[in-house]
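Pulled from Swiss-Prot, these are the features on record:
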type	residues	note
TRANSMEM	1-21	transmembrane segment
TRANSMEM	30-50	transmembrane segment
TRANSMEM	79-99	transmembrane segment
TRANSMEM	166-186	transmembrane segment
TRANSMEM	226-246	transmembrane segment
TRANSMEM	265-285	transmembrane segment
TRANSMEM	300-320	transmembrane segment
TRANSMEM	377-397	transmembrane segment
TRANSMEM	427-447	transmembrane segment
TRANSMEM	531-551	transmembrane segment
TRANSMEM	591-611	transmembrane segment
TRANSMEM	766-786	transmembrane segment
């Protein structure tokens, strides 16, 4: 195991340790103990920049379950390193921010355990080269995010938001699992890099389209794309550090990472290009439109996050066009990848800061309701400055980093209309139109976000508590991000060669991509589009009160959230009715369903699959064997017609003893002896127990009841017999008995094969069987003791009553 493996597992290890630290040492805020972990990891991953800048990659392998294609292989390239730096870098700032946000009275041991669990899961997800391991970390992010969102579990809204996020993302995870299975079948491997190298082979597979659809569903649920975005707004009930971490820089970017990583495999399909682009643009438009009507600051940021994720998704879709061209023409569309990666970084900076400032405002005023806020400019000047910088960046206004990536976004959306491929030159006109409209509403909610908090009149009477500027410690993290917004806007070359180009090369499978960003490109279509966005946006802000009521009057039934809740209400009711049709509470009915299903499956398989029953190696039936079989059949048949329990027990014992005689004739005396002992003890116990039971009252079953029993019994007997004969006559592998014959002495140092198998070769199985018997015995002992205790209590109660009388 390499140092890279340790780096990925480090947060998971400390997630187990931190709760114990909190339990025994509470004098210092637990966050100070956690902070060094992401700091050390961030510094460690910075050391890989020189490697990825030179075009090299690193593969660290660790065998886990190679026979199942599950090896813990980690792969560091430009894309994985970018996400690792975001996860650990933003993680440092989040932990620092949480120290001032969460008081010591909170369950900090739980919080930081969940946070580190999530951090480790995200690192494993973005660095794993094995699809199965990636999926395990993918689901671990869903699980840990559920714990984080429901951290304040005394609030019903937190539980609701956590459940919704869990249901939607786990649904996507199951879809992703299906896609992974089909993809690994098509490519013959679970290694992502090997799959990329075998992309041409996968693209001719009949599983190609199905795996693509399933992978996209998984990615879109995780990154809150339309129509799966419904979980993200309700997830805002989490503590602000969680929202700032999960929903600005990490979890919601996991779907984008998956799309970027899978692009070299699926980019050949026009379905991939159109779906990723269209879904991204629809998400951008719909979420930005909904963000304008939100009354909660976190609600605004939630929908703005969804819209920004849609924007990045659309850029990844357009960038996939580059796989259909070569040379300079390909570089035109690779620029969309460049814009996507740059905006991925930019979004983490300005959105992370805005979430933290929202938490600061809530911490200061006691509310996030925009109707109660306003006029905080003079009261919270530092918070205002940070909000101004980051909101203008989100709006796409120079000289901030958001402007540069937004310009690249518009250029890519306009440029793709020139592609004579997949009808992009005709239907593609909708792409820049949708992008521009979505950008207009992005401008509107970004600018209004500033005014709703800090401008206007101060409404002291509406605030739960007197507003004040928050502590310097709470402002350090958003201040750092605000500074980065300015630095990356004025000096984008800091990121170009070191971070962006290696990441773009990893997505586009190239080595010569260039990332150049300029504040002014000339009088281009993108420039005029930006001017139009500003002008229309300002007009909409001025006339906001005249048109917003139209959005607020949107019928509830036209929202996806309404149908999600409807489905959640209806499903348990109808599923309960359906379950009641076959779960009746009677063991016999359950067994009928189980055996009937097995019989039907087996018979259908036998009918559609050719098989052969070979009797050539079957030994002759000896007379005494025939006699024993007749005895077994006779005894078993008589149990059916028995009129007393005693007779049934005797006949069942006769069957067992007859089978034991078989064991003797077939050379297994120890097994026969064991069978004799078991039968004798069982018979004695049954007789002792049934002696104390009331007489057997027979009741007449209906004819249909008996008929079903007969059909199931005969069917099960036929199926087992036929399958046994088929298995005997079709031996594709050597008998395992030869292994035991060869190694029973030299490996286990025993001469009795049956005993050696039970005690040595299958020792663990025997141990657990013994454990089951022990647990059953403890259960019986407990029931007897409880009954005796209750009997004594009843007697004591009677004595008390008599005394009182």
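Backbone N, Cα and C define each Cβ position, glycine as well.
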Counting only residues at least 6 beyond its ends, the same-chain positions whose CB falls under 8 A of a CB in the transmembrane segment (1-21) are 30, 33-34, 37-38, 40-41, 44-45, 58, 60, 62, 72, 74, 76, 109-110, 112-114, 116-117, 119-121, 123-124, 127
So, do the transmembrane segment (166-186) and the transmembrane segment (79-99) meet, by the test of 3 or more Cβ pairs under 8 Å (sequence gap 6 or more)? no
Name the range, of those listed as 226-246, 427-447, 531-551, 766-786, that has the largest tally of Cβ pairs under 8 Å with the transmembrane segment (265-285). 427-447
Do any residues of this chain, six or more beyond the ends of the transmembrane segment (300-320), have a C-beta under 8 angstroms from a C-beta of it, and if so which? 223-226, 229, 232-233, 235-236, 243, 247-248, 252-253, 255-256, 259-260, 263, 266-267, 272-288, 290-291, 294, 333-337, 339-340, 343-344, 347, 351, 354-355, 358, 370, 394, 409, 412-413, 415-416, 431, 435, 438, 441-442, 445-446, 449, 507-508
What same-chain residues lie close to the transmembrane segment (427-447): Cβ under 8 Å, and 6 or more beyond its ends? 277, 281-282, 284-285, 288-289, 291-292, 300, 303-304, 307-308, 310-311, 314, 318, 391-392, 394-396, 406, 409-410, 413-414, 416-417, 419, 529, 532-534, 536-537, 540-541, 544
If we skip the immediate neighbours and take only residues 6+ beyond the ends of the transmembrane segment (30-50), which ones have a Cβ under 8 Å from one of its Cβ atoms? 3, 7, 10-11, 14, 18, 21-22, 58, 76, 81, 84-85, 88-89, 91-92, 95-96, 98-99, 102, 108-109, 112, 115-116, 119, 123, 498-499
